[in-house]
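Engineer: Residues annotated as active site, nucleophile in TrEMBL: Cys500. Annotation comment: TrEMBL describes Gln373, Phe404, Glu425, Asp473 as S-adenosyl-L-methionine binding site. Residues annotated as compositional bias 'Polar residues' in TrEMBL: 39-48. Look at TrEMBL and you will find 63-123 tagged as domain 'TRAM'. The region 'Disordered' annotation in TrEMBL covers 39-62.
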Amino acid sequence: MAAAPAGGVRLLHPRPWLRNLGRRARLLSILAASSPIQHSEELTTTSAPPKPPNKDKNSPSYYPKRGQTLELVCESLAFKGKGLCKVADTGFVVMCDRALPGEKFIGRVTRKKDNYAEVKKLKTITPHWDNVEAPCEFASHCGGCKTQNLLYEAQVRAKEEQVRELIVHVGKFSDKDSEYDGIMKPIVPCDIQFHYRNKMEFSFGTKKWVPAELLGQECDETNECALGLHAPGFYDKVLNIDKCLLQSDPANKVLAAIQDSWRDPELTLSPYDVHSHRGFLKHLMLRTGRNIETGQPELMVNFVTSSYQPELLKPLVEKIATFPDVVSVMNNVNTSVGNTSVGEEEYTLFGKSTIMESLRGLKFQISANSFFQTNTHQAEILYKLIEDCACLKGDGSEIVLDLFCGTGTIGLTLSKRVRHVYGFEIVDQAISDARRNANLNGISNATFVQGDLNKIGENFGEYFPKPDLVITDPNRPGMHIKLIKFLLKLKAARIIYVSCNPATCARDLDYLCHGLPEQNIKGCYKLKSIQPVDMFPHTPHIECVCLLELC
């Protein structure tokens, strides 16, 4: 599977909003000034913009008021895909979801903070630059594909610039350094921009939510039950979805079949009510794998219910079992009032309990709740980049420490070239999957241990010999300060930092390379390369592969 040519994107002439993003979008200064020991989800999601120009702050017109209506022009895309705008005359910064560069619109202030405000777009006056028609009818409402109506080449350029800004302003790496251009690599785009997700999760709801602009009202809900995706920012509002362009065609056919049947009164199926905590159907999860021998799709359908009543699901199971690609129908039972799709108990209603997928020449069994890279095609490219960064000798002499290893996919793909892989992960089910996948591929030089890497003790390093290479792939909050201190003390020759959040990645790179002077901790690594990868087109999410070498 060939990698998409990264250089192809760079041939386009950049729009002014992309070329000048570095000068205009200093929204990252607050992140850069955050407390160095703050490691929370709040830090990862707070991409506050900069303080506005030094106008008369005592003027009543300086700060826009909540509820005030403004005419704005979006200047650039900020981290997490929000549009960055400035109030005319004062330069006060406002952020607007779904505003795109060049777009002139009317917005209403919904939240106001000390140095910026958030607005809701009410009406577009003139469209944005690089405008394309979104192929999905739900793109403007569901929250999954915020930039589907922005030319894809412009999307990836904006993502690359966001990483560049974060590395400079949060990571404190100078873009004036002669080595900087060699460190920051051009983003690798995804050459499959639709139907790339191998897993989608839909929710059942007691009321079908309809966007306000479709009805000319502030908001509206109908009495009809819904199966679809949550409205952005609401846990109790479900936008009914008949087809999602991010998932596979076989998955969409099954979704359509379920949509046609589940409301039939004769089936007596009730959606779960998140307020009264009554009802049966909670979630529908669709996972797409691949038959290793034939290469044909394998589909798993997982119903998440509030209780175990297989007789209620039987008509639906019998219907979807007729689809040739459906090889597994599961039932996760979650009796809690929470909104999670992971059940306390799991039952196989049809076929087998796992589906198969291959990645970098290895076979993987995927269960209903397994973590697996959501974009299999782009994961091939991502893992190849990781392997290239590893610079392994290939003589079977090296030790690899795989932190936040999940189901072991990264470590297992490297195992044939090293002496031993030691993987650590907090999720017990993921460790079980990693061990099973090692056995499935005949890999005996990999050890997987369940443990919380945010709570490591002084004796953590006693569980493995000193590694030659550390791979760390933390979730969005990044690495805990305890783990960073451990790595600085461990002094492995190389660290590969795989990140799904460039903000916390930049922060952790700063600590590893520059240290924490206020805690008298010295950094001991040199940043050698940063490779952004677009794993999820039409979304604000960005993956990065970073290589650090011991000084």
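Quick reminder: no glycine exception, Cβ is built from N, Cα and C everywhere.
TrEMBL entries are annotated by machine, without manual review.
The model shown is predicted, which means the values in this text are computed figures rather than measured ones.
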Engineer: Within the chain of Gln373 (S-adenosyl-L-methionine binding site), which residues six or more apart in sequence place their C-beta under 8 angstroms from its C-beta?
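Structural biologist: Listed in sequence order: Leu359, Ala379, Leu382, Thr409, Met535.
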Engineer: Going along the chain, which residues six or more apart from Glu425 (S-adenosyl-L-methionine binding site) have their CB under 8 A from its CB?
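Structural biologist: The list for Glu425 (S-adenosyl-L-methionine binding site) reads Phe404, Cys405, Gly406, Ile431, Ala434, Phe448, Val449, Gln450, Gly451, given in order along the sequence.
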Engineer: Given the recorded S-adenosyl-L-methionine site (Gln373, Phe404, Glu425, Asp473), which additional residues of the same chain have their Cβ within 8 Å of the Cβ centre, ordered by sequence?
Structural biologist: Phe371, Asp402, Cys405, Gly406, Thr407, Thr409, Ile410, Pro474, Val498
Engineer: Among all the protein chains here, how many other CB atoms are within 10 A of the CB of Cys500 (active site, nucleophile)?
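Structural biologist: Other Cβ atoms within 10 Å of Cys500 (active site, nucleophile): 18.
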Engineer: So, by DSSP, how many helix, strand and coil residues make up the domain 'TRAM' (63-123)?
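Structural biologist: Helix (H, G, I), strand (E, B), coil: 3 helix, 33 strand, 25 coil.
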Engineer: Measure from the CA atom of Cys500 (active site, nucleophile) to the CA atom of Asp473 (S-adenosyl-L-methionine binding site) and give the result in Å, rounded to a whole number.
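Structural biologist: Pair distance, Cα basis, whole Å: 8 Å.
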Engineer: What average pLDDT does the predicted model assign to the domain 'TRAM' (63-123)?
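Structural biologist: Within the domain 'TRAM' (63-123), the model's average pLDDT equals 89.
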